Amino acid sequence: MSSTKTIGIIGGGQLGQMMAISAIYMGHKVIALDPAADCPASRVAEVIAAPYDDVDALRQLAVRCDVLTYEFENVDADGLDAVVKDGQLPQGTDLLRISQNRIFEKDFLSNKANVPVAPYKVVHSSSDLDGLDLSKNYVLKTATGGYDGHGQVVIRSEENLADACQLADTADCVLEEFVDFNLEISVIVSGNGTDVTVFPVQENIHRNNILSKTIVPARISDELSAQAQAMAVHIAKQLKLSGTLCVEMFATDDAIIVNEIAPRPHNSGHYSIEACDFSQFDTHILGVLGAPLPAIHLHAPAVMLNVLGQHMEKAQAYVRANPSAHLHLYGKLEAKPNRKMGHVTILTADVDSCELIAGDASS
Ligand code: AMP
């Protein structure tokens, strides 16, 4: 059997591009499916330009590739099931369905994986919010379609409750108690169907609901850090995980609470390209190919700063002033505000010094 495979990636954005780069230097060939012929993956891979739900295009990808994977979770799971051959999609579609719907996701996390989640209830309409005890705070989230804080209402008052009722009457939702966390953290874990390997704990700082900065290792106790990694490993084993998964969590003074999972490499794991001996993309490719997985070592503490459309000039200036910073640009043609254009990784423990503009994480 040839050790060179053709890997099909559904989605040719920056995650698809960085997966492809890992696959290519391991000797594989990559074909990406993306609606845009000039998507980031087109810099390094052949692209089939078609909508994600185009079953003929998915079938063409399946016919031409040995193994299929995806770079985002909102893939049409039924469409994929219809075209893949046995064993061709090691990640399967069950995990896709879990992570596409917060009701299934919460059920999986709390009842099957048995990890701590914020107390929650499923809400089908505003009447499920009747008599809500407003001495506590909550977050109402739509079951499907929400991302980066969209489709969410934080409930701290009667006024918020009215907004939440409106949302609850438009879509099935999950109502969670608001967690008074110290830090948001995440853990990347990769599996090959049998074994798993886990990355260090990442601390994530968001601005306007978009990841702004990741600090590794996260500034939490060794004990909490070990708990977070153990939970991620446990979830991965429950799933018989193939490929890379990100587990997003909240850290309080003495507990870790799991928020959500993403069945793919994640923005908060980009630091691993330079700071670890294998990146989250390397282990994703190894994992979906069923290859043995290495233990992960962090070479040095790291900070990752996202470069959004409004940061392009600042990022260029930053790397001119700090030549040991690693600038990644994804090759997106248009720099729109809040669009993820690239990221910068700096190998340092001096986390406060790392901002695209000194003293202003929002810039
Ligand atoms: P999510 O879409 O679930 O990742 O939520 C987006 C952001 O909302 C998270 O990164 C948190 O900052 C915040 N958030 C979500 N759920 C909760 C919660 N139960 N308690 C406090 N903050 C939350």
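Glycine is treated like the rest: Cβ placed from N, Cα and C.
Keep in mind that what you see is a predicted model, and the values were worked out from it rather than measured.
The ATP binding site annotation in TrEMBL covers Arg102, Lys141, 146-152, 176-179, Glu184, His206, 259-260. Sequence-distant neighbours of Val179 (ATP binding site) (same chain, 6+ residues apart, CB-CB distance under 8 A): Ala118, Phe250, Thr252, Ile257, Asn259.
Among the features that TrEMBL reports, domain 'ATP-grasp' is placed at 107-289.
Looking at the domain 'ATP-grasp' (107-289) alone, the prediction's average pLDDT is 96.
Only Glu176, of the binding-site residues Arg102, His150, Glu176, place a Cβ under 6 Å from an atom of ligand 1. Cβ neighbour count for Asn259 (ATP binding site): 20 (other Cβ atoms within 10 Å of its Cβ, all protein chains included).
Counting only residues at least six positions away in the same chain, the Cβ atoms of Asn209 sit under 8 Å from the Cβ of His150 (ATP binding site).
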